[in-house]
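Chemist: I'd like to ask some things about the structure below.
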């Protein structure tokens, strides 16, 4: 009954907003509903009742957004726990591969039935719960006493020494604060939060939650009013093709930036809901930074690495901890460049499969690997030839130097994002042809220059004897 009433409400809101997609309204309203739930949940104490209410609200919200698709999520939750019961401390890779395979099937099914569509379906939350399933399995495997000498300090901190019962595991996976679209976090943070017996150690989350809510609403209204003025499909028209390169760069960068705001809106609203529970509060730093979905501040930086870290932050952390650092031990990754590169390529491939199978995704990751390669080469050059770059900055003046670096970095990021929007090989080819393949050519020239000259790639300072 309650779901029928809410469905009718969503339909009425859609009509009121001029035909806005019902699934988007359903998502936004559900995310906002999480906030009052979280503020009430903050005051609830008691191990059993917190798990019961937290998971019950999670199932309620997941059904509200994903409806009958929820059955596929519940199936995987049970399936993963059974795998861990059977394979115990050797289950991590099995959970990882089976979860990625299961997610891939849903990606393929969605592409077959709704190619190029953007409607919400269960795939969205399956992407986030895969992060939880796999991190849980890895942390449980780390609890094996035989592996303790191989673990990093962070892995030792997060290891699960005793397998939680199904009820606690289930409530972690379906916790309402991240039940709709994340962010993801480890069982370590969840266990500490759920077992906290007093509210005194966690500040009241209302202010932080409202800050995220206001940020999410600001992004939402920005895209509602501005994004329609910069339709993406325009970049594939003959009129756009005949425009000047200056106009193309302007239009394309504004368009993709506004599309990114759409993600910031969703992540900010989901962060507001999670923050309202108090789980994002870091008692060590006394800051609300224990779990972060995104950092929109990266839009103003020219640092490529920082941009990567701040985009879908919780997933970036998951990729680092449970993909990159699991290929080889951390000390080997630091001491061996080849192993580091292999681990990075594997991480990129997992990230690509995690996103889906549209050709545009793989073009984007290929291009991004070139951008990251250029970034490393330029970073080494700036570190080993600081006098050259200092002189360049003084010649251009700091504001101009910063503006140039910002534009190059921002443009590279937007070119990475275009593949995630145009999706098909044909449309991506048409776009890059319109821009004379300039981004690809520049990246290849930079790599070729440093590969041929080795300029600035080795320190000129003599090694200490």
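Including glycine, each Cβ sits where the backbone N, Cα and C put it.
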Chemist: Looking at 25-44, 45-64, which one is transmembrane segment according to TrEMBL?
Modeler: 25-44
Chemist: Under TrEMBL, which of the candidate ranges 134-152, 191-209, 210-228 is annotated transmembrane segment?
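Modeler: TrEMBL lists transmembrane segment for residues 210-228.
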Chemist: Hey, does the transmembrane segment (166-185) touch the transmembrane segment (65-86), meaning at least 3 C-beta pairs closer than 8 angstroms, sequence gap 6 or more?
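Modeler: Touching, yes - the transmembrane segment (65-86) and the transmembrane segment (166-185) meet the threshold of 3 or more Cβ pairs under 8 Å.
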